[in-house]
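What TrEMBL says about this one:
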BINDING   GLY74, THR77  Na(+) binding site
TRANSMEM  33-53  transmembrane segment
TRANSMEM  60-79  transmembrane segment
TRANSMEM  99-122  transmembrane segment
Amino acid sequence: MSALAFLSVAVAGGVGAAARFFVDGAINRGRQFRLPVGTLTINITGSFLLGLITGAAGHLGATPVAVLGTGLMGGYTTFSTASFETVRLARTGRTTAAAVNGLGMLVVSVAAAAGGVTLGTLT
């Protein structure tokens, strides 16, 4: 990987993290949800977009896939936060919400990724 490609992945990761911060804040601002809806939204949309990117990889090329997939989507999605929020729900006695959050996000995110890959291969 060239130095420019490496730098592009790093910058895209920062942009993805900033987008996650913005989206999560916009969703949660002034609202109380039973589940971490911001994180769920981010991981589901990120899974779909990563699926779309990888599905279209043959048309995009290796460097754009690395920048968009590893960089942008890697910075945008957040498995660690989702895991922490699931543990937090369980530790506060909200075991049903924890199960719905953890398992539901996994199932829906995998389905979103599959849909993205399918759509990406159609291009």
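Easy rule for this one: first residue shown is 1, then count along the chain.
Placement of Cβ uses the backbone N, Cα and C atoms for every residue, glycine included.
Less than 8 angstroms from the CB of GLY74 (Na(+) binding site) sit GLY13, GLY16, each of them six or more residues away in the same chain. Only residues 6 or more beyond the boundaries of the transmembrane segment (60-79), in the same chain, are considered here, and those with a CB under 8 A from a CB of the stretch are 1-2, 5, 8-20, 39, 42-43, 46-47, 49-50, 53-54. Sequence-distant neighbours of THR77 (Na(+) binding site) (same chain, six or more apart, CB under 8 Å from its CB) are GLY16, ARG20, ILE42, ASN43, GLY46, SER47, LEU50, listed in sequence order. Reduced to three states, the DSSP call for GLY74 (Na(+) binding site) is helix.
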